[in-house]
């Protein structure tokens, strides 16, 4: 069951990708969707065995590589964390597969699309089921490659090419960090297996590594590189620029990769390595600060976006910040709780946005929409449910998971927790503001489309509606149903998954917070709804003119539109200097400059010039050529003996090239 659960997406990908043109589009796509549905069902069964029966399944499949003391084996680890992740991955992926059957119906390359989706699911499952760092890194790189291929699926579009390259290059920085973190793990622990590393970790908390003459705590140094990987993959502040641009791919790709699964790989990495990272207060503080700042940054940028998919993308970035700073405060169960609920309502939002885009002939600018509430009522209801769940409307899934993060953050009573909680409350208001702004601009007011566009607006087809309805039901009920399971006091589910200090029982502390603090998210929701209604519902110029003329509003708006100048600063301080270094210095002056002059080209040119001059001075006769040939043979023998004795081959080749160039009578001098 466990191995079948892992390889079914791979089988679907191979059949669709390799044999799709022989089987036909319809049959091959049905095979891919069927494999994904079976994978989701098997994941639910595995979840029953692991989660409800409170067991762990760990088995080895054989040796992968053995070099010296490095022994890497194929192994699968199914604990509570893995079970939750594979349920989320396979359920969302199966819904996206079903949705894409109609969404990509007119695309001539749809079999390739389904093959990519299934292969991505396989790599994601390989990542979360790995029992060692090397296997995890293999899955980590696999999802990065598939992200590039799926963003660039419409490869004839220049913007898709740029976005895919931007995503893969920025993720290289994160992959570089994780790679060096794995090297340090092997250096310190002499193993890459999680079981060995986590067993030894409590005994080396004081172990140090000499780095450039300074003694650095080993766990802190390893954690620093792991954090770089987390920041890259989960689009945290500093390496976040790729996520909004990744919206150039098809909308189902955005729902699967950039909302529910791939971007949560960084959060999963923190949770998986929690028995190691929990011993470094420095790393935990860094995670808290980065997550909180990412939440604030993404919220402020989302307020001023006009592309419907980019608004949801920045919302994803913001919610990932919540998960990361919850991990930094050792509140791991709340983090995985929010990850699970977020996956369902964010996939719902993206797929609902896809239905809107599909119905409006690929229009994504919210300023060119409006009045769709009567034309697409079912899509509106699904979008409304997803929006309410995201903003923390009482008794929907986001209400439980996000509130528990905010309450437990404040309940730490350390400055890091207070800092994260304050930013979280502010971001809760901002999230509600831009979510209802999206809802109002898209579905209310007068239609702002052309008449022919309005005439062609239609509700989504059955295959697109079914996933929306299922995800909407999950967005309503899954938070309430699983609350005690994830964050209930005394729940045994996480005993074998991640580690936190025993005294760090934040659930009890959050239950005795002041009433005002518990009501803050509700007030943030109320004000977040009222504000966009006042400004955007039945827009009137006299209502907006004073706001638009306010200098502070103008400057803030410009600052947010420029994305805090991150793109500008990264281009000026990193991209342009590295471009000049690589092109002007390394390429023009060294590779095609100095090295060519003193290297093969320069030596060959010098010899050609010298022998050409000699050739012009002498009379070209048969005896001259015979003399050159004899001299060449003697020179080759001498140089060969010299090369054999010294091992110096480079100059020998240069001399032979030059001499043969002169000796061949076919050479003509113009």
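Going from the start of the chain as shown, residues are counted 1 onward.
Placement of Cβ uses the backbone N, Cα and C atoms for every residue, glycine included.
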Give the range, chosen from 339-359, 486-506, that Swiss-Prot lists as transmembrane segment. 339-359
Identify the transmembrane segment range according to Swiss-Prot, selecting from 375-395, 396-416. 375-395
Stretch among 81-101, 211-231, 566-586 sharing the most Cβ pairs under 8 Å with the transmembrane segment (462-482): 81-101
So which of 31-51, 81-101, 111-131, 211-231 has the most C-beta pairs under 8 Å when paired with the transmembrane segment (1-21)? 111-131
Determine which recorded stretch among 178-198, 519-539, 566-586 has the most C-beta pairs below 8 angstroms with the transmembrane segment (133-153). 178-198
